[in-house]
Every structure is written in C-alpha cells, then in structure tokens.
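Trainee: Shown below is the structure under consideration.
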Amino acid sequence: MGEPGSLVTGDRAGGRSWCLRRVGMNAEWLLLEDGSEVTIGRGFGVTYQLVSKICPLMISRNHCVLKQNVEGQWTIMDNKSLNGVWLNRQRLEPFKFCSIHKGDHIQLGVPLENKENAEYEYEVTEEDWERMYPCLAPKNDQMIGKNKGLRTKRKLSLEELEGPGAEGPSNLKSKISKVSCESGQPVKSHGKDEVAIQPSQLSEHLDPKLTSLEPSEKAAEAHVYPGSTKVIELHHKKQKASSPLASHSSLELFKVTMSRILKLKTQMQEKQVAVLKVKKQTQKGNSKKIVKMEQELQDLQSQLCAEQAQQQARVEQLEKTFQEEEQHLQGLEKEQGEEDLKQQLAQALQEHRALMEELNRSKKDFEAIIQAKNKELEQTKEEKEKVQAQKEEVLSHVNDVLENELQCIICSEYFIEAVTLNCAHSFCSYCINEWMKRKVECPICRKDIKSKSHSLVLDNCINKMVDNLSSEVKERRIVLIRERKGESV
C-alpha cells in the first residue's frame, strides 16, 4: 500500500475517528468512517486492498466486512475467508457479525512457519484526526479511479524513454523542484519558523515501502513490481535460443520503465516531506496551501500507479513473446526428436527380441520348478487338514465342557454376574437372589447359605467365550441382562 490520498475535510479537522491501527507500524492504518461499510481483501472491489508480499493468497479476495449495527457499534464479519479472521486470538465463524471495542486485537490470516505473528495484525482504536491522517492507507476506489483517468494519458516509445524527456512532464518537474531535497539531508523551511525534518522522523509518517527504497535498478526490479522477477527468469531461460528483435526491445523498455517508477517514488517521498513540513508550520493556518500540496502528492501517486499499470502490460507482452519463442523451440526439438526416436525404436525392437528368447528359456525352467512346488503344496495341504480336524475336535470337546460347567442350573444360561456361595457352588446373582426369597439353602447341596461373593474370573471367562459364539447367542444374552436389570430396579 502507498500513502493515503487527500481525505482531510474541514469538518473532520480536530475531531476523533475510529480506525484499525496496524500493530508495530505507523502506516497502513484503516479508517472506519461512520455510516459506511468497510470491506477488506486482495480483490479490486473492496474498500482497502491488502496484497501480501510474503504469501499472496494469505488474504482472500473479499476477506472480511466491518460495519456499524443499529446502535452504532462497529462489528466485524468473516466473509468465509480461506485463512480466517481472528478477534482477540479467537477465530470468528463465517458470516457472523461480532462486536468490536477499543483495544481489541484483530488478525487477518495466520502466521507463517517460524513466525510468531501474522503479517496483518490490527488494534481497534480511536485517534485524533491530525494524528491519524498521516498514517492512513489509501482506499482502493481512489486508486482505481486515478488509474482509469491516467491510463491512456502517456504512452512513450523506447526512444522517448531513453531521451531527456523520459524524466516526466516539464510542469511536474517544476512542481517537484520546489520541494525536493538531496538524499540524506534534512528538509528545511525558509520562513520565519524554520523546522528541520530528519529522515528518521519521517519514517513514522511515511509508507515503509517508500522509506526503504534505494535508487538502483536492482531495488526497482526487486520491490517495485513483483512480476519483474518472473520476466527476468524467463529471459535467462531463453538466452541459449535466438531472441527476436521485438523481445529485446521490450526488455530494454521494461528496464527503463522500472527506473522511471523508482524516480517517481523518490519524488513522491520528497513531496510527502514537503507536505509534513507545511503542516507543522501552519497547524491551523493556511489550509489552502496544504490542500494544494496534497493535490500535488496525489498527482504523483496517480502517475506512479499509471506507470505501474503500463509496466504490467509490458510484462504481459514479454511473457507472450517468450511463450511464442518457446513454442517455436518446441517445434524444432520435435522435428529433431523424430529421427532420434526412430533409431531408439529400432534398437528397442532388437533388445525386445533378445529378451523374448531369454524369457522362453526361463519359462521352461520355471515350469519344472512350479510342478515340484505343487507336489509339495499338496502334501502340506493334506497334513494341514489333518491337524485342523484334530484342533476342531479338541475345541469342540473343550466347548462342551465349558458349557456344562459355566451354566447356571437355575436358568440354564451362562452365568450373568456369577456369585460363589460358601459351599463353592456358583450361580447367577439374579437367580440365587430369587431362590433365597423362598429358601436360604444351596439348590445343589442343600447347605445353608452363609455368604456369597462375586466371581470376576468366571465373568471374564464367559464374556470372552461369548465373543467367539454366534450373534444369536450374544443378542439373547444382552436381552436377558437388560430384563434382569429392569426387574431389579
């Protein structure tokens, strides 16, 4: 984002407004205007456009919406974004408005690897307009409107860019020369009250992208336009092939335009220095001069946006040219590759014939081995069947014994919550309790019942045995347990 446009009005001067202050930065604050709906995202139809340099897809096209409710309270809604909206470290549900208050923390997206904080973190605050204005971010509709008006104003050829007129219009240079200063020197006013503004003091009011610029072609290629890296890589990829004259001219035009964009940004920074200087001098005085300076600053911003739009068109043209060259090279490679393919096919056919002969020889050997293995498998199968029959006979005998020994003689079912009496006989807990209502003696040996204790060993053994039985037995046991529990209650 760049610096904010001319947003100061006579009514707002001296008032207070709500905004989203970006954490750790004195720039790119988002203004919350009363009675308006504020949309944030990386698309073109939003109020504030956020384009991440680290992860372009971190912010969705229409990431979130902020607006006032009926009571005038500001609210925020996650517009079903990919990486979410976080209010006080809690992720919001999509399409649900939540109230925000002064001091709340808003996070758009998630932190990347090896980073504690996200790229876009804000704090809800209410500030004085004079304190807030230098830190505000421009609205997306202002930037788009300026680009539409200036997109067709200036289209310079390669010769015009390389000539002396490439520096820009003469009237613009005369405006800039009034407030420009040498790099690294403080800006001084020539009035009664002289004020010196150091570059370190400007970093609190200017866009960090502008203050970090260096007057070199490398910095322009690295920071001014993100697509330049892709174009340079495409150019290096095609260095081995013969480049047409058109692509070479486009590349030279691209480099010159990058230099012009850097110069425009430097001039815009100087204009911002002058605006801040005049503001500090006048305070409540000459507002017309401030408006004029701000208008000049907006003109510089508009020209910079127009240059960037033209640069994007040139990059697209370069990509198209390189794609055509690549297709041409692919056609040549295809023609040369057909002859090589024929030779490879002939050689592969010979190798295939030799391989088939060797496979036929190996086939006979494998057939003999397979016959011997089949005989061994038949013998092993017979032995396994005998062993399996013996195991089944033993298991059947064991099951018969367990069924006879683990059944309650009262209900003829497997023990349910087995209870052992003092005479060592075991019964179901439910069954023996019902029996004791009539007689207090063992149903088997007729001894008096003096004590009874639960047998966990029998319960565990029966449960494991029932797991291996049929589903009908399991279902009948479950129904019986439920019936007994219901009667006991």
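Cβ from N, Cα, C; glycine included.
Because the structure is a prediction, the values reported are computed rather than measured.
The coiled coil annotation in TrEMBL covers 283-397. The domain 'FHA' annotation in TrEMBL covers 38-92. For 408-446, the entry in TrEMBL reads domain 'RING-type'. TrEMBL lists 159-207 with the feature region 'Disordered'.
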Trainee: Counting by DSSP, what is the helix, strand and coil composition of the domain 'FHA' (38-92)?
Mentor: 0 helix, 21 strand, 34 coil
Trainee: Provide the three-state DSSP residue tally for the domain 'RING-type' (408-446): helix first, then strand, then coil.
Mentor: 8 helix, 9 strand, 22 coil
Trainee: Kindly state the mean pLDDT of the domain 'RING-type' (408-446) in the predicted structure.
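Mentor: Mean pLDDT for the domain 'RING-type' (408-446): 89.
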